[in-house]
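So the structure is just underneath, and the comments pick up after that.
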Amino acid sequence: MCGIVGEISQDGIDISTFSSMRDELSHRGPDGAGLYTNETETVALGFRRLAIIDLSDAGMQPMANEDETVYLVFNGEIYNYRTLRDDLQSAGHEFTSQTDSEVILHGYEEWGVDVLDRLEGMFAFGIWDEQAERLFLGRDPFGIKPLHYYSTDDRFVFASELKAIVADETVPREISPAGLQSYLTYRYIPAPQTIWQGIKKIPPGHYLVYDGTEAEVTPYWNSSTYLDNKQIPEEQAVETLDETLKNSVRKHLVSDVPVGVLLSGGIDSSTVAALASKSQPGLSAYSMGFEGADDELEYARLVASEFDLDQTEEVLGPDELDGLLDEILYYYDEPLADSSIFPTFLLMSRVSQNLKVALAGDGGDELFAGYRWYDRYLRYKRLNPIAEVMRPLHKAIKTVNARAQSELMQSVEWRVQLASLTGLSQYQMAMHPPIESQWIDRIVSDELKSDSAEDVVTRYSAPSMNIKDLQHLDLNTFLPNDILVKVDRASMAHSLEVRVPLLDRSVAEYSLGLEEELIYKDNNKKHLLKQVARSYLPDRIVDRPKSGFGAPLQEMGFIDKYKEVLRESVAASDGVFEQEGLDEFLDADPPSNSLFKLILFELWYRRWAA
């Protein structure tokens, strides 16, 4: 796992500035730094190394092919690299290292952009083809590894993180109206948007080709291609999924440094831990709980005991929140209002003291329909025929609630509002209630208002969505732009590589192709995964209700402590927000999740934009 950066500029590159941009990613790669420039210094590639496979100097990047006409910088892991290496050696390619990186380099020489179809793993890479004078960027199908870019008429820059791009003071730091609208609506910013105007994310499963004048982004993998309703006997499906998962976990355990597991006590991480311990006994496990709260630690202990894992526990309390805040605002260089960034960051800090690599259970909720809001959406979707009737009722209840301000009336209002919506808006309300549009209109300045937040997400939605549609939507929006960003930034802040075996293409493509009844049977979420897990885990783990990983910020006093920063908003002083709108919003006693979005943005803004 590493940090990568690159630049092409017709006017030449300031190598000192470029090196500083590269070193903004030193947390992603503390084991070494590399730099390539062409003779005219119009092309530069930078690299920060975290050594996992082939720890020798032969694994340093930028890496060149045999005749030094093709150069690579790569962040990630390729799990089938040994098979690809054999194929490429048979085709006549000469290897100088034992790294997985080199198979991408020679794979590009042999197959061009089609090398992407052969890679199994998590990756973001840049390849400079000197003879073709072409830059080729690729990102893995699920967006496990990040990749951003900035392009003007005569310049192109790419990097693992935004902070590396904006470290160049000539890159303008202007808030993107669409990015801001998306953040306030969804709590995250979906690709290709970012919070900065002019900087974009390469979406998961896409590649980019830049020829010196134009950057063209093209998809090569899409979950919709694999959405099917294959009717397979359940026993056969369980057997096939079990073998597919075991193969994936075995691949993800390959490393030249020790590997551990992140264990929450939920079915996803517990299944990964069980399969990993079967393949490689004696693993260490790391778990997180919350001070004074009911959490999953007792279940994590049960799994650790069952598989003789060497377990370490961390507990997050109010004191730790304040201590983490400054670091979180630096490493999360784009606002992400997911309260689980706090426990995730603390956990990664602890794990990194002993390990460089850990396996996690992310992806299970999307691939096996595990989210609680799936139930909620499907329940209220049945009321779509009377949605128009519910809208005036919601308006009336909202008026009453504005005066009453009781928890009961707020609950009634939310349910009636949910019944009054349809399609994507209804799903969004069931998932993470957004700041209401009328409040966004009052809070956001006229110059930064935008109606394009839903444009990015709508492309993945359907007018009336079933389970398969919800999976497709979350795989392309929530997973890569919230869950995987949260894990990548927290782990790489501590030079820790987190691998996600459930997000192997073999697992995803198989599960997405199965009929809905196998995945979500009789309103039983993760039905098929549970049947596999029963062979390894106690029923108490398999059948327990899902528990989220979000920190209870309201109970910990975080919201009350920091909401007053909105009374003297720097973002408002700079013309991003309207102070009067913020004050009205605060006086209306809004829900804590909406407050957290605005608090986090204000604190992020003071760190990165003021």
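Quick reminder: no glycine exception, Cβ is built from N, Cα and C everywhere.
Annotated in TrEMBL:
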DOMAIN    2-213  domain 'Glutamine amidotransferase type-2'
ACT_SITE  CYS2  active site, for GATase activity
BINDING   ASP100  L-glutamine binding site
BINDING   LEU262  ATP binding site
SITE      ASP362  site 'Important for beta-aspartyl-AMP intermediate formation'
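Overlay of TrEMBL feature records on the structure.
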residue	record	contacts (Cβ under 8 Å, 6+ apart)
CYS2	active site, for GATase activity	ARG28, GLY29, PHE47, ARG48, ARG49, LEU50, GLN61, VAL73, PHE74, ASN75, GLY76, SER160
LEU262	ATP binding site	SER269, ALA285, TYR286, SER287, LEU347, VAL351, ALA358, LEU359, ALA360, GLY361, VAL498
ASP362	site 'Important for beta-aspartyl-AMP intermediate formation'	ASP268, LEU479, ILE483, LEU484, VAL487, VAL500, LEU502, LEU503
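Taking all protein chains in view, 25 other C-beta atoms sit within 10 angstroms of the C-beta of the residue listed as 'L-glutamine binding site'. DSSP assigns LEU262 (ATP binding site) to a strand segment in the three-state reduction.
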